[in-house]
Structures are given as structure tokens and as C-alpha cells.
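According to TrEMBL, the protein has these features:
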type	residues	note
ACT_SITE	Ser106	active site, phosphoserine intermediate
BINDING	Gly32, Leu33, Ser34, Gly35, Ser36, Gly37, Lys38, Ser39	ATP binding site
DOMAIN	25-173	domain 'APS kinase'
Amino acid sequence: MATNIVWHKHEINKTTRAESLGQKPRVLWLTGLSGSGKSTLANLLEKKLHEQGKHTYLLDGDNVRHGLCGDLGFSDKDRVENIRRISEVAKLFVDSGLVVLTAFISPFQTDRDFCRNLLAEDEFIEVFVDTPLEVCEQRDPKGLYKKARSGEIKHFTGIDSAYEAPSSPEVHLPYQEESAEDTAERLFNLLTEKGLL
Ligand SMILES: Nc1ncnc2c1ncn2[C@@H]1O[C@H](COP(=O)(O)OS(=O)(=O)O)[C@@H](OP(=O)(O)O)[C@H]1O
Ligand SMILES: Nc1ncnc2c1ncn2[C@@H]1O[C@H](COP(=O)(O)OP(=O)(O)O)[C@@H](O)[C@H]1O
């Protein structure tokens, strides 16, 4: 733990940066099982926001685990540390004025709340991509459920590692059999109706 450190207050801050970008910075935090559609939907949503002239950044589970969190595995302890680091990065990006999208399983409510509590009240938008395990397992885009069922992968979310569904997300996206583009449109409309974009 570092001691004797003092916070510097800079004249160019979140407010001035957000004003010059002409947008309200925030985090759209997608949570759900592996294969629920987080990455696909976050990517499509970011494209829509980009087309609207929004300045965005997408933090994605697999990508972040190649670098910033490359030293972490999938024990509960490592998942907590994974989400802690990502939350701090998301906070910095919000401070820089961006609309941040995140696509992490983020299985624990306390960790999602950790990020919520780092930010101002209306800056954290929890989106529950509520795709049932059976559908995720059927999709199995990376073949990981098959490996988890055969015991090749241990501590796999939904199989032998817990997933705590959000208790009161800002947006609940229930599963419907439709294309990813249609689901992204549904998500975009829900966020718009609720005045969250
Ligand atoms: N044991 C285990 N459990 C869950 N997921 C696993 C595991 N091993 C590897 N993977 C792959 O890692 C991706 C999840 O990383 P996350 O950083 O989102 O996980 S977490 O939020 O820390 O729980 C996850 O990506 P998504 O499928 O995009 O969710 C998997 O591809
Ligand atoms: N309606 C839908 N919404 C999102 N993904 C869908 C949908 N229908 C099929 N898929 C497919 O399901 C898979 C979801 O994988 P992915 O986006 O990587 O999920 P996650 O990031 O949650 O693990 C992709 O292969 C995607 O094409």
C-alpha cells in the first residue's frame, strides 16, 4: 500500500472533457453467461452509437484477459480482481468523457456494485443479457460448454461456478429467438425509452 500520496485536482476535468465531446459519459455494463451475447450485442450497440457521433470504448472480457488481466484465471478471487481492475479502467474512461461499453460475465453482484459505487449515480447502467443457460450451451460459440461438461475446463460459469443474476438492473434484456441485429435493436430501443443514452 502506498502512503503519502495526495490527489491532484486538474483544471481540465470530466465536465470540461464531456462538454467538448458533446455527450454524457457513462458505462453500459453488460452482464450475463458465457455465450449470452454480450460481446456481439456490445459490438452492434457500439456501432449504432458511433454512427450517432458518440465517442465510445468497448472493454471486452476475452480481449482484456490478453493484457491488463492476463495474469488472472477463473477462481472466484481472480474474477473479483478482474472486475475490480476493469471497473477502475472504466472509471478512467468515463473521466475522459467516453461512453464505455463492457462485456464481462461479471458473475457477482458485489463486484458489479463496486463499479456502480465508483461512479456518479446515473453513470452506471447495468444491462442483464438474460439468455438461459440451455440457449448459451446450445450456441457454444467457442466450444467451452462442451469442454466444461466433459471436465476439461473447471470452474465454468453456470456449470460449476456461480452466476448471480442482477437484482435490479437498469435494463433487463430477456431472451427472444431472433437475430443478434434484432436483439441489438431491442436493446438500443430499451436504452432510448428509458433515457439512458
Ligand atoms: N472457467 C471459465 N468460466 C467462464 N468463462 C471462461 C472460463 N474459461 C474461459 N472462459 C472464457 O473467458 C471469458 C470470460 O471472461 P470474463 O473476464 O468476462 O469473466 S469474469 O467476468 O471474470 O467472470 C468467457 O468469454 P465470454 O464467452 O465472452 O463470456 C470465456 O470465453
Ligand atoms: N439474438 C442474439 N443475440 C446475441 N447473440 C446471438 C443471437 N443469436 C445468435 N447469437 C450468437 O450467439 C453467440 C453469442 O456469443 P458472444 O457474443 O461471444 O457472447 P458472450 O460475449 O456473452 O460470451 C454469437 O455466436 C452470436 O452470433
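In case you wondered, yes, glycine gets a Cβ from its N, Cα and C as well.
Overlay of TrEMBL annotations on the structure.
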residue: Gly32; record: ATP binding site; contacts (Cβ under 8 Å, 6+ apart): Lys38, Ile105, Phe128, Val129, Asp130, Thr131
residue: Leu33; record: ATP binding site; contacts (Cβ under 8 Å, 6+ apart): Ile105, Thr131, Leu133, Cys136, Thr157, Gly158, Tyr163
residue: Ser34; record: ATP binding site; contacts (Cβ under 8 Å, 6+ apart): Ile105, Cys136, Lys142, Leu144, Tyr145, Phe156, Thr157, Gly158
residue: Gly35; record: ATP binding site; contacts (Cβ under 8 Å, 6+ apart): Thr131, Val135, Cys136, Glu137, Arg139, Asp140, Pro141, Lys142, Leu144, Tyr145
residue: Ser36; record: ATP binding site; contacts (Cβ under 8 Å, 6+ apart): Val129, Asp130, Thr131, Cys136
residue: Gly37; record: ATP binding site; contacts (Cβ under 8 Å, 6+ apart): Val129, Thr131, Ala180, Thr183
residue: Ser39; record: ATP binding site; contacts (Cβ under 8 Å, 6+ apart): Asp60, Gly61, Asp62, Ala103
residue: Ser106; record: active site, phosphoserine intermediate; contacts (Cβ under 8 Å, 6+ apart): Trp29, Thr31, Arg79, Ile83, Arg112
Other C-beta atoms within 10 angstroms of the C-beta of Lys38 (ATP binding site) total 25
Near ligand 1 by the Cβ criterion (under 6 Å), the recorded positions from Gly32, Leu33, Ser36, Gly37, Ser39, Ser106 are Ser39, Ser106
Take the mean position of the Cβ atoms of Gly32, Leu33, Ser34, Gly35, Ser36, Gly37, Lys38, Ser39, the recorded ATP site. Which other residues of that chain put their Cβ within 8 Å of it?
Ala103, Ile105, Val129, Thr131, Cys136
Need one number: mean pLDDT over the domain 'APS kinase' (25-173).
97
DSSP helix/strand/coil residue counts for the domain 'APS kinase' (25-173):
62 helix, 28 strand, 59 coil
